[in-house]
Amino acid sequence: MTEPTASATGGGRAPRRIGLRIGVGLALLLAALALPTRPGPVADLRFPVEWFWVAGLLALLRGRAFALLCAGVVALAGVGAVLKLADWGTFLAFSRPFDPVGDRTVLVAGWHLLSGTVGEGRALLAVGGALAAFLAALAVLAWGLAGLRRLAGRTRGFLAGAALGSAVAATLLVVLAPSVPLPISAGPSSYAVAKVADARRSFVAQATFARDVADDPLRAAPPDGPLAALTGHDVLVVFVESYGRSVVEEPRFAPRTQARLRQVEAELAAVGVGSRSGWMASPIAGGQSWLAHGTLLSGLSIDNQTRYESLLRSRRQSLNALFHAAGWRTAAVMPAITMPWPEAAWFGYDEILAAHDLGYRGRSFNWVTMPDQFTLRQIGELLERTPGPTMLITALISSHAPWTPIPRMVPWDAVGDGTVFDAQAAGGEAPDVLWRDPERVRFNYGLSIDYALEALGSFVARFARDAVVVVVGDHQPAELVTGPGASRDVPFHVLSADPAVLRRLEGWDLATGMVPAPGGTSLPMDAFRERFVRAMSGAGPAT
């Protein structure tokens with residue numbers, strides 16, 4: 001039994017209802033095809049020629065061919081919309097498009113951030129609501145396009161001819177005048193081809209990366225006297241969350257940040273600690289800090305989860321494993337780790353203190369489990385109770401989104417079990433209130449970096465003045481904070497009271513003090529491991 005056409009149903013309202021139904025379907029199809037892949041001006045949108053082809057073919061075909069094409073169009077529109085929305089999300093968060101091969105765990109990480117910020121219940125409602133809305137949109141799209149079957153033969157033929165004629169003309173314009181700015185484009189087709197090509201490149205890059213993992217210059221040509229210049233010193237590598245070049249140089253942030261850096265420089269100099277500062281090029285931006293950690297500690301550029309997992313399966317030595325082999329006890333203090341961390345096995349730490357091991361009894365600062373001052377106090381106690389030199393890795397998190405509430409320093413002797421911070425954790429705006437105003441988000445981000453640097457400087461001056469401390473940003477914050485086109489550079493600082501250690505860094509293009517030179521070159525983050533080990537090894541200065 002066939003569905004009656006509009007002309008067979010009688011009355012004037014039925015054709016109007018069918019026309020409205022088809023209009024809704026074609027409008028949703030247009031929205032799915034024209035959906036941009038990243039934030040940008042509305043003026044940049046182009047009418048997709050594929051819309052004419054789909055509308056014309058659906059009007060032309062009958063029976064089973066129509067049903068198959070309609071189902072295929074809805075499915076492809078859904079997949080395309082998901083990929084484009086994923087691109088939007090990764091552009092907003094990480095300033096790059098979504099990689100279906102390398103970004104398999106992004107959704108999991110995003111869920112932890114969302115649920116840790118607004119609560120699991122509200123996160124479930126948000127995700128469930130978004131999923132329901134998406135499925136409803138697909139159902140309405142299918143219903144609307146299926147309405148084409150109910151058009152009268154003459155009307156359907158006219159629509160098919162008009163749409164296919166427009167499709168041919170538009171396609172010829174796009175093909176024959178590719179350099180002419182037109183209000184039409186073959187964007188969806190180009191996007192699909194590009195995504196397939198990107199996936200292919202990702203697979204090829206993985207094969208290349210597997211060879212890079214095995215090619216370790218420090219194993220092939222190990223230095224004499226490994227890390228001899230650091231003998232007797234505790235060595236700390238401190239990652240500062242979202243500490244990027246923009247917060248040091250952009251006019252909206254620079255006055256506060258540079259003033260804090262100079263204050264830290266003076267505070268350290270007063271206790272005999274010198275500092276050198278420069279820039280590193282991080283492989284990431286906006287998030288996925290563990291990829292930056294893996295990059296610096298492995299000497300390999302790791303910009304996606306697939307590479308990270310390949311690294312974890314390898315026998316390549318981490319920077320801390322090289323220190324362990326040279327006689328240091330190695331430790332990790334990771335306040336953001338709240339679940340089992342099997343990945344730590346590759347790093348080879350002798351001791352791991354995750355969030356639940358640090359003894360914090362205070363309230364969390366939304367997603368941030370504890371303020372940086374508390375984390376640093378626990379590091380100070382660990383260094384005090386550990387005999388012999390320690391090489392320690394930590395990742396400070398008070399400057400992690402959502403940047404509310406912002407902790408404040410308390411006297412070090414008052415830190416205790418962290419309950420002293422409860423009043424601070426209960427203050428500040430809720431994330432969903434703060435994030436309605438991008439300018440206030442940026443302001444709070446700057447405050448969080450200021451706090452992290454203040455806490456770090458005070459910690460080194462009080463608890464680690466005899467240590468060699470490497471401070472490095474993991475990545476730039478999201479594009480919402482930096483604006484479009486920001487580099488992936490992050491500041492890094494080397495702090496030491498031993499002038500001989502700092503002399504080993506001559507030739508690194510580093511500024512004296514805590515403020516990196518504006519025109520300084522950027523050291524690739526993956527180059528740090530080899531360069532630092534060679535600089536600190538042997539009997540004399542190395543560059």
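Note that Cβ sites are derived from N, Cα and C of the backbone, with glycine treated the same way.
Marked as transmembrane segment by TrEMBL: 18-37 (among others).
What TrEMBL records for 43-61 (among others) is transmembrane segment.
Only residues 6 or more beyond the boundaries of the transmembrane segment (66-86), in the same chain, are considered here, and those with a CB under 8 A from a CB of the stretch are 29, 32-33, 35-37, 54, 57-58, 98, 100, 103, 134, 138, 141-142, 145-146, 148-149, 188, 191-192, 195. The annotation transmembrane segment is assigned in TrEMBL to 66-86 (among others).
Here TrEMBL flags 123-146 (among others) as transmembrane segment.
Per TrEMBL, transmembrane segment is recorded for 158-180 (among others).
Positions annotated as domain 'Sulfatase N-terminal' by TrEMBL: 235-477.
Proximity of distant same-chain residues to the transmembrane segment (158-180), defined by a Cβ-Cβ separation under 8 Å and at least 6 residues beyond the stretch ends, is recorded for 47, 49, 52-53, 55-57, 59-60, 148, 151, 186. Same-chain residues lying 6+ beyond the ends of the transmembrane segment (18-37) with a Cβ under 8 Å from its Cβ atoms: 6, 44-48, 50-51, 54-55, 73, 77-78, 80-81, 84-85, 87-88, 91, 97, 137, 140-148, 150-151, 187-188, 191. Here the transmembrane segment (123-146) has Cβ contacts under 8 Å with residues 21-29, 32, 58, 70-71, 73-74, 77-78, 81-82, 111, 114-115 of the same chain, all six or more residues outside its ends. Across the domain 'Sulfatase N-terminal' (235-477), the prediction's mean pLDDT works out to 94.
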